Structure formats: C-alpha cells, structure tokens
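Colleague: Pulled these from Swiss-Prot:
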| type | residues | note |
| --- | --- | --- |
| ACT_SITE | GLU114 | active site, proton acceptor |
| DOMAIN | 120-359 | domain 'Radical SAM core' |
| DISULFID | CYS127-CYS364 | disulfide bond |
| BINDING | CYS134, CYS138, CYS141 | [4Fe-4S] cluster binding site |
| BINDING | GLY188, GLU189, SER220, SER242, LEU243, HIS244, ASN321 | S-adenosyl-L-methionine binding site |
| ACT_SITE | CYS364 | active site, S-methylcysteine intermediate |
Amino acid sequence: MSEQTQTCASEIQATNVAVQHPKSEKINLMNLTRKEMRELFAEMGEKPFRADQLMKWIYHFGEDNFDNMSNINKVLREKLKQIAEIKAPEVSVEQRSSDGTIKWAMQVGDQQIETVYIPEDDRATLCVSSQVGCALACKFCSTAQQGFNRNLTVSEIIGQVWRASKIIGNFGITGVRPITNVVMMGMGEPLLNLNNVIPAMEIMLDDFAYGLSKRRVTLSTAGVVPALDIMREKIDVALAISLHAPNDELRDEIMPINKKYNIKMLMDSVHKYLEVSNANHGKVTIEYVLLDHVNDGTEHAHQLAEVLKNTPCKINLIPWNPFPEAPYGKSSNSRVDRFQKTLMEYGFTVIVRKTRGDDIDAACGQLAGDVIDRTKRTMEKRKFGKGIAVQNH
C-alpha cells in the first residue's frame, strides 16, 4: 500500500472513531450486509437461509416489525426482539415540488441529513447522503457551509432508501414510480466514509435486498484519490467525478481538495477504475457545475476538452442552485448553451442537467441547514424562556 493510500486510510479511520454515533444496546440489522447477517444467525445457532428471509422482509417488503414476519418461527422472532432492531432515519420535514420531486430532511441522532426523490419518464432516482455536513469546503456548495459533523452509519445510508421506498410506494402502494436508481450525490463526500458507504452499496446491489444493477448505483466524488483506489478493489458501481473546473488554479480556488489531489492525479485514478469496472460501460460521468463568469467561459470549455481528450466520458453540465450568502451567480442560458456547443464540437456527449424542484429548496444541504438553523433558534428562544415550538410541516 502506498504512503498516500495509508494516509488516506488513516484519515478515514480517524474520522470514523472521532464521530462514532452512540450505540444502541440492540443490533440494528440495517447495519449488516447479508454476509454479516448470516454470521449473526450462525452465532444464534440458526441456518443461513433465515438471514436471507429476514433481509427479504426488511428490504423487499419494508417490514420493521418482527411479529409480522410470518415465515420466521415465533421462537426465532422472540430471540430477534431481544437482541436486534430494524431502525431507519425518520422524516422530520418533507417538501414536494410541482414536478414530482420530493425532498426530505431526515433525523439521524440529533442531526439532519437530506434525501431527494427525482421521478423521470423512464426511471426514478434517489439521491442519498453519506455524511452529516461535509469537510471538503467546496465554495459553491450549500452543504459545505455547514462544516463536517460526522459520518453516517450503514443503517443511516441504506435507511434513506428504505424510508423513501416506504413513502413513495416501492412496497405495493400505487401511483408513484418505484426507485430504480440510487446516486450517492447528497450531503457529504462518500469516499471519506468508505467503511459505511461500501456495505450500504452492497446491500443496494444484493438480490435479497434491493437487487439494483451496479449500473444503477452511482457514487459521485470530488476526488479523494487514495480512497477511489481502495474502492476500485472493493466494489464496482457507476462513477461520477465532480470536476467543476478545467485547470488546477481555478479548481484549487473553488475545491480545496484539489490542492491535495490535483486534476492529473484524479484522472489517472479514474482511468485505473475504468480499466476494471463493468458498471460504467467504459465511460465515466464528469459533473461540471456552471458558475457565472467563473468557470463557464468559452476558454474554460476549450481547457476542459483538453483535460478530457483521453478520457471516455459523458459530461453533465449542472446549472448552479443559489443559496443564501453564496459568492457566485447562476450562468445565463446563453453562456450554458455556448459552453455545451463548444464541448460538443470536440465530439463529447454533453447533457445539461434538467433543473428539478425549482419551487422547493433546490441547493443540496439547504433544507437540512434550514431545519438545523430553525431548531437552534427555537432552542435559544426556549433557553431564554420564550418557549416557541418547532414549526411543523
């Protein structure tokens, strides 16, 4: 293992230790992969297939009550009730857009995270968070303004999928498209929480859980290169790179992670990932948020084309979602069109991501941040004897 990879691994481990969530006396079964659940059942003197049955109840049927698991005998159900629980994050606030997008603030301990459901004509995508806040401090990101609090556990990651599935109809309620895709593009940097993100994605892929194709699970990263190299050896899912700048000088300014792992280092790691991945069809997705007169000029498009000339990719151009006190502006339609056309002249596949949820808090992290701020204000008022209740939605 390289010195750089060792450093990254130690950073991840240190972060996990520093922010451990208080443990329940009972085992939360949502923290376990099928292999780990089988090991638990073996310790209980039970056959491995019982673990398979239990996973089906939890993830196929959305069941969190052992008493309702009819093909598991009563003695085993009673054993499970003594030592285990099935616990997912609860929704504290829900916002529904006129275009069908649903955004939830979910409670994890005493903190808030965000999960977003995005229905389309041929699919429904769930955008999942991996951390409470984020340590990377990208200047254009609402979540980054909150700072980093802690990593999410496996159950808090996969539990977002479970909770959303229960709400929008994966478990037999009609009228809403079931979740077909999951993207790790919510709050946080997934590669700084590998210990929990990888098992959560394994559950997403497991046929006894959600059985998603590895092409339908996407991890988006700002470029923690050593962690990407580790992930390459552990799991194969679709990969998206949050690039957002065509040169190191600009990327250093808007994405401080680039000072540690620059564009060349990142793209070298991406090429290694593509060499072994079946999930990506030989192409990586490049994400590029457009900031008015910062990174959206024709010269930037030419520079980006040069950076990506040897990388099989599709490029997603993302209209920036403003948030309070942000230092940037949203690119005009004409600048977006010109940027897209310039890249297409080089032969790239370039898609301008359709803006969703315009009538709700669209910027990632904004809803959770608003809930946290409102709760803090409420607690401060209570502290000084004003006793105002938290606003219900």
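Even glycines carry a Cβ here, placed using N, Cα and C.
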Colleague: Roughly where does the domain 'Radical SAM core' (120-359) sit in mean pLDDT, to the nearest integer?
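Modeller: A mean pLDDT of 94 is what the model gives the domain 'Radical SAM core' (120-359).
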Colleague: Distance check, please: Cα of ASN321 (S-adenosyl-L-methionine binding site) against Cα of CYS134 ([4Fe-4S] cluster binding site), rounded to an integer number of angstrom.
Modeller: 17
Colleague: Using a Cβ-Cβ cut-off under 8 angstroms and a sequence gap of six or more, which residues of the chain neighbour SER242 (S-adenosyl-L-methionine binding site)?
Modeller: CYS138, SER220, THR221, ALA222, GLY223, MET255, GLU287, VAL289
Colleague: Using a 10 Å radius around its CB, how many other CB atoms surround the residue listed as 'active site, proton acceptor'?
Modeller: 27
Colleague: Largest pairwise Cα distance, Å, within the listed S-adenosyl-L-methionine binders GLY188, GLU189, SER220, SER242, LEU243, HIS244, ASN321?
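Modeller: So the binding residues stretch over 19 Å, Cα to Cα.
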Colleague: Would you say which of the recorded positions CYS127, LEU243 has the most Cβ atoms within 10 Å of its own Cβ?
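Modeller: Counting Cβ neighbours within 10 Å, the top one is LEU243.
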Colleague: If you count other CB atoms within 10 A of each CB, which of CYS134, CYS138 wins among these binding-site residues?
Modeller: CYS134
Colleague: Check the binding-site residues HIS244, ASN321 for other C-beta atoms within 10 angstroms of each C-beta and report the one with the most.
Modeller: HIS244
